[in-house]
Amino acid sequence: MDDNNMRRVSRILMSPSPPTPPLVSFIATLAIATLIFLCLYVFSAIVSVAILLALYITSVFLCKFTRDNRELNAELRERTSFYAQIPPNNQRVVRIFNKLFWVVEEKRGKQRKLLIGSVVCFGSQEMASSSSSECAICFEDFKEGEECLVFSVCGHIFHCDCIHRWVEKKPNCPICRHCVPSAATMITKSRSIELLANLV
């Protein structure tokens, strides 16, 4: 029996062992699983950042919108409460000064228009006496039918588009600097008193 047992043991030891799985297939499987896990992790991180960014942008716009509305409402309340706080007699005075302010501004605009000049078409009878043939700002020749502004004080001519901004800021000629007298734009004292009498 000992001999039989020995043979069995030797056969067991001599018999080929079952094949082990190849190392390469195990590493490939592990790499694929790791890659899938990393892709899911990166994708979830990107989606999370995108959601947080969208929430942040939405909250910024909502805060700005509500703040602007609050500022607008506060400004409107301030304006309306200003007139509500003024005693009735003073409300009338405030209204009179508001009207007076608008009348003075309207008069200034009319005076400025009279002293600066008027818009005319180049080549018309009004421009026949003019000796200049080009705009002093852009140095382009005037063309027939083109809108030009003629200063009534000095007679200089400019394209309307060229002189528009200048005229809004300064009522004088950019070439000769001939100034419009400031007294011409003001209402005299007697006119102001007459106007106040009409408003009351």
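Any Cβ shown, glycine's included, is placed from N, Cα and C.
Just so you know, TrEMBL annotations are computer predictions that nobody has curated.
For 135-177, the entry in TrEMBL reads domain 'RING-type'. Taken from TrEMBL, the feature transmembrane segment covers 24-57.
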Next item on the list: Give the residue counts of the domain 'RING-type' (135-177) per reduced DSSP state, in the order helix, strand, coil.
Entry: 10 helix, 10 strand, 23 coil
Item checked: Per-region confidence, the domain 'RING-type' (135-177) (mean pLDDT, whole number) -> 76
